[in-house]
Amino acid sequence: MAKMIAFDEDARRGLERGMNTLADAVKVTLGPKGRNVVLEKKWGAPTITNDGVSIAKEIELEDPWEKIGAELVKEVAKKTDDVAGDGTTTATVLAQALVREGLRNVAAGASPIALKRGIEKATEAIAEQLLKSAKEIETKDQIAATAAISAGDRQIGELIAEAMDKVGKEGVITVEESNTFGLELELTEGMRFDKGYISPYFVTDSERMEASLDDPYILLLSSKISNVKDLLPLLEKVMQANKPLLIISEDVEGEALATLVVNKIRGTFKSVAVKAPGFGDRRKAMLQDMAILTGGQVISEEVGLKLESADLSLLGRARKVVVTKDETTIVEGAGDDEQIAGRVNEIRAEIERSDSDYDREKLQERLAKLAGGVAVIKAGAATEVELKERKHRIEDAVRNAKAAVEEGVLAGGGVALLQATVAAFDGLKLEGDEATGANSVRLAVEAPLKQIAVNAGLEGGVVAEKVKNLTPGHGLNAATGEYEDLLAAGIIDPAKVTRSALQNAASIAALFLTTEAVVADKPEKEAAGAAAGADPMGGMGGMM
């Protein structure tokens, strides 16, 4: 395919036009009085959202240069969303302001490389200042406040704070759609996985269709069980101990399954067989997690253990196990705390090494099942459009709250960024074009606060000047129009969100400024007369 090439100012201005188109659509959502954006979908109802990254992903521009510019800014929003879960609109607004200031300086003859260095040094100094001034999250109310700001809803904030309080910071909080109106919180004790009983004959409570085992032994096996002779020696030992048995294996079938079912129906021996979750290496890892949690061992020929020679010392224990047709929950496994902590650290290290979003998510789930717990927030709404929008807001707010616990919180409303810059620039000694680049950052950090003010119907420049002269932590509460102590008023942002937004915006701005040529695909022209030469009767012209 033929390519088009643009150089110098033409290249940079083309990219800037694309960036401005995208940023202008996104920035109307910023702040408590920000508006929503409606996104058309090819199928189903349109989506209404105020989430920066969701809006950015939907924007596709026709002009090749503008398209590339928009894609670069999408990357800012996406990276900020991946790292911090929020702050995507702030990052987009910052990127737009940084590029605008930087291009003005490049056009005036400044060295793009020196500007880039100045931007990077200023960004690093501000990021350090942000972390220095961050306040650690100490109360449930602070978590509720930061989540409520992200979701724009106090009730959502309180529910997330309660969920985090119950499952801990390692726990997983998932959001599901509910058929009922409103919000519900469902908590899971212990480890839960998505596999139920192999046969409904294992049920102990026919009304609820679940099997409940108190103080059971737990057999963990990496292979199938079909031959009852392999299982019998172990079954006899468990029966002598007068305890129920939970079997988690690749599968239980044939005469082995029939034997377990017959003994359960006769009341001779209480047991439940469940398929192990996952596939391949992930299944092995999850079985090992369960072994450590319950204080047992995975019986596998790989480690020289055979089912026929297994004894009770290889089995895990738990206070209770509840199995439904779809899921199994192990409550209070009898594993050694030190071993569990070691396994948790192993999984954490794997999460840091992994570069796949999917793998990271699965590892995070495993971590939660071992170290914390699982909370499910069920959201309902009057219409499908509102439900999707609400679910998305809750997911963002959950990640926002986790970011707040990680690095602490700052005054919200764009104030912390502005005030941290004033402090950071006191010790920054730069000269020439590097100083010009740093100055671009100093001017650009006002953009989020100005945009919040504009969306609230106020004059952005006037608000920014006033906030610069206030005590650190004091600023504009855009919801009320009052200037006050934002931390005390519960208007807070996670330091991780603010820092990530600035660093990602600066990274893309530096790329914009140092771009000297852009290569894009040349749009293909439709073949002349292709449509005109087509047979209007589709090749059936002779038929009457």
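Keep in mind that glycine also has a Cβ here, set from the backbone N, Cα and C atoms.
Between the candidates Asp426, Asp493, Swiss-Prot assigns the ATP site shared with Thr29, Leu30, Gly31, Pro32, Asp86, Gly87, Thr88, Thr89, Thr90, Gly413, Asn477, Ala478, Ala479 to Asp493. Of all residue pairs in Thr29, Leu30, Gly31, Pro32, Asp86, Gly87, Thr88, Thr89, Thr90, Gly413, Asn477, Ala478, Ala479, Asp493, the annotated binders of ATP, the farthest apart have Cα atoms separated by 20 Å. Under a cutoff of 8 A between CB atoms, and with a sequence separation of 6+ in the same chain, the neighbours of Asp86 (ATP binding site) are Thr80, Ser150, Asp396, Ala397, Arg399, Asn400, Ala403, Pro494, Val497.
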